[in-house]
């Protein structure tokens with residue numbers, strides 16, 4: 001800084017500053033020894049550019065030494081601490097304000113296309129924001145990574161990664177100043193790039209299969225993890241010496257040792273608030289959460305010459321002699337939707353595979369979101385875990401004072417679990433059927449419609465009270481909840497089951513634990529019959545009976561759900577207790593019909609009627625798969641925990657990189673792409689669809705929310721990245737809006753259950769008659785056209 005001090009008679013001033021301290025410094029310069037240059041025209045001295053003259057900082061130092069001015073006051077420790085606490089409080093208020101207003105219902109309702117980022121020459125398979133949200137990285141089939149400025153809508157850097165296969169994952173290493181980028185691709189390699197030097201720092205060739213996902217942990221700029229289709233989870237530390245590509249020693253988890261040689265790791269995520277927890281999704285419906293503090297890296301070796309392998313051979317690493325790939329007790333917990341273990345054989349018969357395509361932890365670190373390929377999206381609570389086994393039997397409160405006979409209650413243990421899973425009761429009755437049992441004559445009719453069908457009009461007051469007791473009406477239900485319930489019942493009677501579920505969800509969110517709402521939603525689930533609906537109905541019935549053990553319709557619907565889900569013995573036990581508790585309804589047509597169906601299945605098992613050649617082949621294949629499981633794997637699967645919430649409407653069958661993410665700082669919304677080229681937005685609290693937008697001409701795979709703003713980046717088969725933000729409220733039409741979300745969701749459910757050949761032909765552009773057409777009696781709008789992929 002070129003500061004110029006002029007002293008002339010009594011007038012002294014700084015030409016560049018008028019501060020008090022500088023003026024006082026100027027008044028003292030006459031006493032300071034420095035070489036001066038006299039001006040012939042004026043009796044003045046110039047300080048600043050004269051050779052040998054002191055600078056302003058030197059003037060201040062000399063003045064302070066001569067005590068002409070006092071040094072700046074240094075705050076005490078208490079004042080510094082107070083200032084730090086004040087700044088922390090201000091930051092917390094700012095973050096809280098930002099957290100509340102980042103994503104709101106009003107912003108979601110205005111969400112629309114902001115820009116298309118064009119630059120790739122192939123499908124965009126992965127997206128990643130940096131920590132501040134100032135950069136967006138995208139990886140593509142063109143083996144390039146582009147860094148975008150999301151606010152100027154232009155590319156900043158194009159990285160030629162050197163990969164020889166499609167890029168499936170891209171990650172910024174945290175706390176690296178956005179200078180280090182990691183990519184994983186189909187060439188089985190992981191590359192680390194220095195963005196400042198614009199070069200590749202390291203190349204890891206440890207995997208034998210395609211690298212599908214890379215995960216990082218906060219504040220760890222040197223460590224990352226990878227999941228590949230060779231069934232291995234590897235841990236990389238850039239501070240360690242270069243690892244051997246032929247004998248990698250960084251195998252954190254070897255899924256092949258537990259699932260068999262055909263295990264594939266599809267996705268991985270690290271809990272940002274508890275970095276010791278790692279979630280892993282594989283080519284099965286189970287999601288595994290490991291505590292890496294209890295794990296140690298092991299060694300394996302790459303197979304021999306890859307040219308000697310057949311193209312259909314599954315790539316996997318080979319074990320090293322002497323290595324123990326078993327895991328310590330308590331290091332992992334398994335999660336699965338409770339109905340899937342029972343449904344897997346049926347899915348295999350239809351060549352329908354289940355695999356986790358994406359896993360991620362919520363903002364609080366307590367929720368785990370899983371996009372399950374071939375099924376729905378599930379949210380698990382890793383802290384308050386829910387067991388699925390208790391749903392096989394009635395809640396224990398249903399047996400208290402029910403008048404059930406000893407033979408009926410002997411089939412249930414004290415904790416509500418079925419004791420005779422082999423089909424034989426404690427009193428020796430095979431499969432729960434007495435050959436001499438005689439049913440009473442039918443006397444009344446049992447309806448499966450919502451509980452409004454039990455009218456309160458007519459009859460004595462005692463009869464009306466009994467009807468209310470059987471319905472399980474809550475004593476306090478707000479007017480809004482009551483209106484929602486009546487509207488939902490009306491939709492049910494019109495066979496609009498999706499709309500009925502939507503309204504029941506809203507009512508239950510406002511009045512949780514109301515038995516009549518739970519039982520009614522169960523009836524709507526049973527009629528709609530989307531994937532997982534029967535099990536969701538079973539859960540609702542079980543919850544309703546836990547609150548109101550004498551809820552008659554919830555009890556009967558639970559027996560029917562157990563039967564249709566394949567838990568036939570449990571269904572028979574539940575129905576027997578129902579007949580004992582409600583003798584007036586035991587001889588109804590519905591009850592007798594259900595009992596005949598259950599007995600037919602039980603007798604067929606006893607007589608071996610279902611032991612056909614196809615079933616024996618299927619059983620043999622299932623036994624082979626189970627034989628490949630380790631003892632630990634079988635135990636972990638038996639102890640798997642159930643889901644908390646379920647999100648339906650999208651279709652995830654064509655690609656295995658389809659994502660699902662939390663949207664909003666508190667995770668208020670869930671977003672996911674679909675095979676029909678749309679992406680869905682669900683409200684997490686109610687699990688209802690709130691928006692459906694057209695995001696791609698074929699398939700939407702990736703959705704990554706901005707870390708601080710209401711901005712969403714999506715990509716898919718199209719070679720572009722799309723940015724979505726709230727649109728201006730100018731009354732213009734959103735061309736990307738899918739107006740009838742019910743029709744889109746129904747079409748996607750049919751698509752997931754379609755024959756694989758039909759799906760292949762449709763993806764080739766053929767029109768399959770009746771394939772995605774919506775039932776006329778269920779929906780009156782036009783069916784959305786699903787674009788070929």
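Backbone N, Cα and C define each Cβ position, glycine as well.
Among the features that TrEMBL reports, region 'Disordered' is placed at 1-28, 449-471, 726-752. Look at TrEMBL and you will find 117-149, 160-203, 663-692, 693-725 tagged as repeat 'WD'. Among the features that TrEMBL reports, compositional bias 'Low complexity' is placed at 449-463. What TrEMBL lists as compositional bias 'Basic and acidic residues' is 727-739. Look at TrEMBL and you will find 741-751 tagged as compositional bias 'Polar residues'.
The stretch from 160-203, 663-692, 693-725 that makes the most Cβ contacts under 8 Å with the repeat 'WD' (117-149) is 693-725. Distant neighbours of the repeat 'WD' (160-203): 122-123, 125-128, 130-131, 135, 137-141, 143-145, 147, 209-222, 224, 226, 228, 230, 236, 238, 242, 315, 657; these residues of the same chain sit at least 6 beyond its ends, with a Cβ under 8 Å from one of its Cβ atoms.
Mean pLDDT, taken over the repeat 'WD' (160-203), works out to 95 on the 0 to 100 scale.
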